[in-house]
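Some features that TrEMBL has for this protein:
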DOMAIN    25-179  domain 'Histidine kinase/HSP90-like ATPase'
BINDING   Glu32, Asn36, Asp77, Met82, Ser97, Gly98, Thr169, Arg340  ATP binding site
Amino acid sequence: MQEKGNISIHTENIFPIIKKFLYSDHEIFLRELVSNAVDASQKLKQLSGIGEFKGELGDLRVEVSFDEAAKTITISDRGIGMTAEDIKKYINQIAFSGATEFVEKYKDKGDEQQIIGHFGLGFYSAFMVAEKVEINSLSHVEGSEPARWICDGSTEFEISEGDRTERGTDIILHVNMEDSAEFLNEARLQGILDKYCKFLPIEVKFGEKDKQVEDGKDDEDKPKYKTVKEDNIINNPAPLWTKSPSELTDEDYLAFYRELYPFSEEPLFWIHLNVDYPFNLTGILYFPKVKNDFEMQKNKIQLYSRQVFITDEVKDVVPEFLMLLHGVIDSPDIPLNVSRSFLQADGNVKKINSYITKKVADKLGELYKKDRAEYEKKWSDIGLFVKYGMLSDEKFYDKAKDFALLENVDGEFFNFDEYKTKTEALQKDKDDNLVYLYSTDPAKQHTFIQSIKKKSYDVLKMDGQLDSHFIGTLEHKLEKTQLKRVDAETVDKLINKDEKIESVLSDDDKEKAKTIFEKAINDKNSTVAVESLASDEMPVIVTMPEFMRRMKDMQRQGGGGMMMMGDMPDQYNVAINANHPLVAKVLGSDQEDAKEKLARQAYDLALLSQGLLEGEALTQFINRSVELSTN
Ligand code: ADP
Ligand code: MG
């Protein structure tokens with residue numbers, strides 16, 4: 001029996017197109033062929049399971065091998081095999097139509113690069129690296145004849161009698177030495193297998209490796225060792241996510257984490273995902289300890305489809321705020337052969353997204369309830385996810401508001417309700433707004449925090465990288481609540497209760513003080529005002545209005561639309577405390593320049609207390625201080 005034929009297609013030669021499309025990702029041919037071999041083996045297992053295949057299954061191991069001299073790579077399995085008819089049907093028609101369809105769909109679109117690595121082109125991806133592909137197969141069906149198929153990358157193929165005597169299939173690639181010689185290399189092939197095939201459900205053998213075994217005793221009765229060869233199995237066919245959580249211990253999860261990320265610190269905790277309706281998804285997500293450079297930590301989740309590695313760019317499958325998690329997600333229901341924009345619109349993907357979000361929220365809620373103290377300890381790591389989630393996902397906010405924590409500058413933690421209760425009595429302003437005070441840098445803002453504490457107000461610590469956004473979210477979500485940074489205003493105005501403190505200065509003196517200070521400060525970006533503050537407050541207090549600083553913050557973080565603030569200098573309010581003895585002393589000095597010197601000194605002290613004094617101004621301050629204390 002020998003038959004020549006023509007693969008019927010209506011497009012131009014498909015192979016150059018396949019090559020061009022997948023240029024950067026040729027290596028996936030191995031993933032495709034090995035997973036076909038695994039599929040064929042699993043199908044046979046299934047047939048055996050339902051009694052349709054009555055023979056011995058035997059060893060179903062898949063084998064990958066290469067021969068440098070013959071310039072071939074071979075993928076062999078002992079699966080269901082194919083007859084000549086099967087090959088015509090599955091390879092010539094079905095596989096080919098799949099490839100044709102694919103090329104038709106994408107050849108005119110600009111996003112080839114995007115989809116690369118996100119789909120399988122199937123059997124025909126073999127032609128990305130081979131100039132000739134050979135199939136040598138014997139079907140599992142009793143009495144079948146072995147069949148051989150050869151195709152040289154044109155649209156012509158040849159089917160003849162094969163010589164395989166054992167059930168299963170060999171796919172033999174005659175490697176194209178012009179552009180694909182790199183694949184005839186052990187390390188290269190091992191690398192590809194590690195990347196894509198590490199968790200395939202059937203054992204995959206690639207060559208052999210050395211193993212030390214005991215070999216009797218030496219003269220001193222110590223054990224001797226010798227090196228023997230054993231099969232190099234490249235995969236773990238039963239990865240943890242495929243098992244039932246009830247069978248697993250913490251140590252199992254930690255060991256699997258180490259298997260995935262050999263050099264990482266231990267994770268904080270993990271979530272085992274397992275759904276089969278309305279979509280299929282399994283996986284394990286780990287919460288890592290988050291380092292500051294959290295951009296670096298993204299793309300740590302690996303996406304699998306039936307244990308075949310697809311990609312570690314899970315951007316559209318996992319909610320953005322959970323991209324910092326590590327682990328694996330396995331779902332046959334995620335469409336892999338479509339472009340990004342389609343993926344975002346896909347119903348299953350959306351459901352998967354909200355399922356994962358819900359699971360994560362449930363887990364956090366559970367940890368919070370179970371052991372609050374432990375949860376607080378982990379808050380510096382967990383908090384980042386929770387805040388990120390609350391910022392970006394309404395649904396998550398609604399769940400997380402019950403287990404999100406606020407930390408004050410004394411290291412105490414409160415949930416939202418607790419904090420409201422704590423502050424309600426004292427921190428309401430004249431309009432009945434609750435005012436939360438926060439510090440972004442308790443060391444630098446120490447003076448302000450001290451004044452605030454004198455009033456028995458509380459100060460939150462908001463020094464995390466997401467906190468400036470989080471503050472906005474809180475204000476938006478919490479009823480009649482404002483957040484103000486400790487140095488946004490003088491303490492009486494932070495929470496304005498409309499209580500007037502009498503001024504010891506006459507209006508006339510106030511005007512005089514203002515003029516002297518304005519001259520001494522000599523900065524057109526500062527607005528000077530003389531105010532009646534408590535006499536134990538600082539003589540001069542420099543503040544930046546909340547709205548102004550938030551705009552500046554946003555702009556610094558690259559917030560859109562804030563570009564016009566680019567050249568705007570920092571604007572400060574300078575409050576002169578009319579009730580401080582130092583101000584009276586300024587007014588009382590008999591010489592103009594003595595007045596100014598003292599005023600400047602008081603202003604510099606205010607700057608100094610906030611770390612704002614630097615450069616020439618700092619040097620002048622030091623010199624002036626030396627002079628004043630020597631006189
Ligand atoms: P897919 O795997 O998505 O079906 P492929 O192009 O990879 O598409 O393969 C096409 C078909 O060829 C398979 O569905 C299967 O029927 C057949 N096939 C491919 N490789 C093998 C193999 N090693 N053993 C048996 N059948 C195979
Ligand atoms: Mg396939």
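Cβ from N, Cα, C; glycine included.
Curation plays no part in TrEMBL annotations; they are all automatic predictions.
Here the features listed in TrEMBL are painted onto the structure.
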residue	record	DSSP (3 states)
Glu32	ATP binding site	helix
Asp77	ATP binding site	strand
Met82	ATP binding site	coil
Thr169	ATP binding site	strand
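Ligand 2 lies within reach of Asn36 from the binding-site residues Asn36, Asp77, Met82, Thr169, judged by a C-beta closer than 6 angstroms to any of its atoms. The Cβ neighbour count for Thr169 (ATP binding site), using a 10 Å radius and every protein chain shown, is 28.
Each of the binding-site residues Glu32, Asp77 was scored by the other Cβ atoms within 10 Å of its Cβ; the lowest score goes to Glu32. Around Met82 (ATP binding site), taking its Cβ as the centre, 27 other Cβ atoms fall within 10 Å, counting all chains. Mean pLDDT of the predicted structure over the domain 'Histidine kinase/HSP90-like ATPase' (25-179): 86.
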